[in-house]
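Q: Mind having a look at this structure? Questions to follow.
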Amino acid sequence: MQFIIPVGIVTAMGLLAGGILTIADKFMAVQMDETAAKVLAALPGANCGACGFAGCADYANALAKDEEHAIKANLCTPGGDAVAMEVSSILGVEFEGASSKIAIMKCSGSRDRTSYAMDYQGHQTCKANKLFFRGRGACEMACLGFGDCVNVCAYDAIRIENGLAVINKYKCVGCGLCAKACPNALIEIVPDKTRVVVGCSSVDPGKVTREICAIGCIACKLCEKTCKFDAIHVINNHAVIDYTKCKNCTACAKKCPTNVIHVFPRPVSAPQQKPKPVAAETAQVEAPAQ
Amino acid sequence: MQEMMIIILSAILVNNFVLVKFLGICPFLGVSKKLDSAVGMSLAVIFVMVLATAVTYPIQMGLLVPLQIGYLQTIVFILVIAALVQLVEISLKKYVPSLHQSLGVYLPLITTNCAVLGVTILNIDEKYTFFQSLLNSFGAGVGFLLAMVLFSGIRQRIENNDFPAAFKGIPAVLIAASIVSLSFMGFSGVIDGLFGH
Ligand code: SF4
Ligand code: SF4
């Protein structure tokens, strides 16, 4: 009979625990907001974080909770206009076009313009190479060319050409995963209307840059003097454009002695009939395939 | 005060749960790939360890010992800890959603983790008082955190290196783990030296 007590106790504890959990589950249940669930279904589910929230579910929840509609319904760049439209109709707010973004590449150092300082045989990723000394490029901030960015891009918008990452702006949705993957932070996410890009991030003084790269920014500040809108400044030995001020007038690009400021063909979403040969040599964003 | 320090420090360094006692190896190998998940997991472990001790100690002393059914310890503790973790998860979800967001993923993972069960049972084997048990559990949790953080750094180095095919993946990780564990053996005697026992 001595087994009655132990069996009884364990059974009682099991029942008790089960009971408590059932009750807790009933009383502390959190329902998912209906609107949030609908918004979540409308979002692409890429969980990329381009909207500034920790994934699609977080964004959907924030939208549903926000009664004054302070959070915009068009933050999902991968989803674009279609998703923005659907989300706005679920929330009953007016539709605004998705604020499209695009990735730009701030290095132009392909193999014919600059060189490698070492014959790196280690693990073939940008991240590993960057850990080793300061990367294989002669320029510390050069594209490492192993394509960490290519590997993370879900839209097949980047490829490595001649040791340099090249972004296809017609495929890029501006999700920003590549920007996070690049150990040299060479990729920046900018408004889609951007036409002028400084293709260099070198931190070396102008003299050094001139020796190791045929197209590096030499920090001469000509662009800074040319710009009428105070939108371009030499910071840390390379020119940086402030896209909130830039009017795309391209004056700086014309003045630049090393041609490191690239100008892209204008149309953004509608691919042009005839891609202009402009900048074909220097542009880091390619024209659409014909 | 000194006794408190001895208990906490020895739980962290000398008797590190993962590296010296070899408990909780599966999250140690599974979740240490990234620093932030390693930290999140460890925080959940600290939390659950202390809570589990606070609940199981009275059960042992007030129920199992008087009824002379101490041999049911393992099964009763598993039951209680599992239920407790579930309860904690449900209530966190309701009342502290932000904490639930950060701990949430890891909580279910450690429901029946052997390190958590281990710490509650060892507390009783060591004949600690209630307060000492809580301290020991906290120290054990911090030791877990230390091991996870150290090892996540090593993991990242391992990922970025080329190994002979036979060692790729888990074998290399296991070898690294054993070396880290060996180095922790070096801490034995440190506490005696520090506090002059
Ligand atoms: S931007 Fe869109 S796809 Fe990316 S996480 Fe936000 S909602 Fe999801
Ligand atoms: S852009 Fe960055 S991630 Fe891509 S290949 Fe160059 S260095 Fe590597």
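Placed from the backbone N, Cα and C atoms, the Cβ positions cover glycine too.
Annotations per TrEMBL:
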type: BINDING; residues: A:Cys48, A:Cys51, A:Cys56, A:Cys76; note: [4Fe-4S] cluster 1 binding site
type: BINDING; residues: A:Cys139, A:Cys143, A:Cys149, A:Cys182; note: [4Fe-4S] cluster 2 binding site
type: BINDING; residues: A:Cys153, A:Cys172, A:Cys175, A:Cys178; note: [4Fe-4S] cluster 3 binding site
type: DOMAIN; residues: A:31-93; note: domain '4Fe-4S'
type: DOMAIN; residues: A:163-192; note: domain '4Fe-4S ferredoxin-type'
type: DOMAIN; residues: A:237-266; note: domain '4Fe-4S ferredoxin-type'
type: REGION; residues: A:1-25; note: region 'Hydrophobic'
type: REGION; residues: A:268-290; note: region 'Disordered'
type: TRANSMEM; residues: A:6-24; note: transmembrane segment
Q: Are any of the binding-site residues A:Cys51, A:Cys139, A:Cys149, A:Cys172 near ligand 2, with a Cβ under 6 Å from it, and if so which?
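A: Once distances to ligand 2 are taken from each Cβ, A:Cys149 fall under 6 Å.
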Q: Give the three-state DSSP assignment (helix, strand or coil) for A:Cys139 ([4Fe-4S] cluster 2 binding site).
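A: In the DSSP reduction, A:Cys139 ([4Fe-4S] cluster 2 binding site) maps to coil.
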Q: Other Cβ atoms within 10 Å is the metric here; tell me which of the binding-site residues A:Cys48, A:Cys56, A:Cys76, A:Cys153, A:Cys172 scores highest.
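A: Within the set of binding-site residues, the most crowded position is A:Cys76.
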Q: Of the binding-site residues A:Cys139, A:Cys143, A:Cys153, A:Cys172, A:Cys182, which ones put their CB under 6 Å from ligand 1?
A: none
Q: State the Cα to Cα distance, in Å, between A:Cys143 ([4Fe-4S] cluster 2 binding site) and A:Cys153 ([4Fe-4S] cluster 3 binding site), rounded to an integer.
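A: So the Cα of A:Cys153 ([4Fe-4S] cluster 3 binding site) lies 16 Å away from that of A:Cys143 ([4Fe-4S] cluster 2 binding site).
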Q: Let me spell it out: for each of the binding-site residues (A:Cys139, A:Cys143, A:Cys182), count the other Cβ atoms within 10 Å of that residue's Cβ, using every protein chain shown. Which one has the most?
A: A:Cys143
Q: With a radius of 8 angstroms around the mean position of the C-beta atoms of A:Cys153, A:Cys172, A:Cys175, A:Cys178, what other residues of the same chain does the [4Fe-4S] cluster 3 site pick up?
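A: These residues sit around the [4Fe-4S] cluster 3 site: A:Ala103, A:Cys149, A:Val152, A:Ala154, A:Tyr155, A:Ala157, A:Ile158, A:Ile167, A:Val173, A:Gly174, A:Gly176, A:Leu177, A:Ala179.
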Q: For the C-alpha pair, I'd like the distance in angstrom between A:Cys139 ([4Fe-4S] cluster 2 binding site) and A:Cys178 ([4Fe-4S] cluster 3 binding site), rounded off.
A: 20
Q: Just to verify a number: CA distance, A:Cys178 ([4Fe-4S] cluster 3 binding site) to A:Cys56 ([4Fe-4S] cluster 1 binding site), in angstrom, no decimals.
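A: For A:Cys178 ([4Fe-4S] cluster 3 binding site) versus A:Cys56 ([4Fe-4S] cluster 1 binding site), the Cα atoms are 19 Å apart.
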Q: Please work out the number of neighbouring Cβ atoms within 10 Å of the Cβ of A:Cys51 ([4Fe-4S] cluster 1 binding site), leaving out its own Cβ.
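A: That number is 23.
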Q: Given a separation of at least six residues and a C-beta threshold under 8 Å, show me what packs close to A:Cys149 ([4Fe-4S] cluster 2 binding site) in the same chain.
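A: Long-range Cβ contacts: A:Cys126, A:Ile158, A:Ala165, A:Cys178, A:Ala181, A:Cys182, A:Ile187.
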Q: What is the average pLDDT across the domain '4Fe-4S' (A:31-93)?
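A: Result for the domain '4Fe-4S' (A:31-93): average pLDDT 80.
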Q: Given A:Cys175 ([4Fe-4S] cluster 3 binding site) and A:Cys76 ([4Fe-4S] cluster 1 binding site), what distance in Å do their CA atoms have, once rounded to a whole number?
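A: The separation of the Cα atoms works out to 9 Å.
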Q: Near A:Cys178 ([4Fe-4S] cluster 3 binding site), how many other Cβ atoms are within 10 Å of its Cβ?
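A: Total other Cβ atoms inside 10 Å, all chains included: 25.
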Q: Measure from the CA atom of A:Cys153 ([4Fe-4S] cluster 3 binding site) to the CA atom of A:Cys56 ([4Fe-4S] cluster 1 binding site) and give the result in Å, rounded to a whole number.
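A: It is 18 Å, counting Cα to Cα.
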